[in-house]
Amino acid sequence: MKFTFNLVALVVLSAALIEAKPHKRNIAQFGAMISIATGRSPFDYNNYGCFCGVGGQGTPIDGVDRCCQAHDSCYTAATASGCNTYLDFYHFTSKDKTITCDSSQNDACEQSICNCDKVAVECFAKNIYRKKHKGKC
């Protein structure tokens with residue numbers, strides 16, 4: 001009985017991990033873009049200001065935070081169009097610090113989400129990152 005329970009638990013856990021993998025993949029793509037465009041760790045932008053990371057509220061505290069607010073709005077628009085911003089996997093290339101979303105391999109949703117991420121990281125690169133704004137809102 002205990003073996004059966006453990007086996008069922010293992011199968012359920014494995015299914016959950018498999019199901020979660022695409023979400024991590026999309027986040028990893030955004031993270032890769034951040035590293036390419038800014039030279040910074042994507043973790044630097046998590047929990048930065050009022051809009052970078054999970055959720056978003058209030059008034060952006062600086063340019064980087066405004067980038068995150070715009071990114072949130074872009075994802076909201078993509079979701080309203082029927083796209084799944086967390087599960088869709090898109091294709092992009094980079095040369096030097098230039099990101100290109102590959103419209104020949106992306107469907108409309110993938111291209112839209114890729115462009116949301118691309119615009120955000122280009123915005124990050126144009127604005128000054130202030131370590132003191134991490135965890136502040």
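Keep in mind that glycine also has a Cβ here, set from the backbone N, Cα and C atoms.
Curation does not apply to TrEMBL; its annotations are automatic.
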Consult TrEMBL and report which candidate among C50, C52, C67 shares a disulfide bond with C123.
C67
Given that TrEMBL annotates F51, G53, G55 as Ca(2+)-binding, name the residue from D62, D72, D88 that shares the site.
D72
Partner cysteine of C68 (disulphide bond, per TrEMBL) from C50, C52, C83:
C52
Report the DSSP secondary-structure composition of the domain 'Phospholipase A2-like central' (26-137) as helix, strand and coil residue counts.
57 helix, 11 strand, 44 coil
Could you check which of the recorded positions (C67, C68, H71, C83, C123) sits closest to D117 (active site), going Cα to Cα?
H71
Could you tell me the C-alpha distance between C109 (disulfide bond) and H71 (active site) in angstrom, no decimals?
15
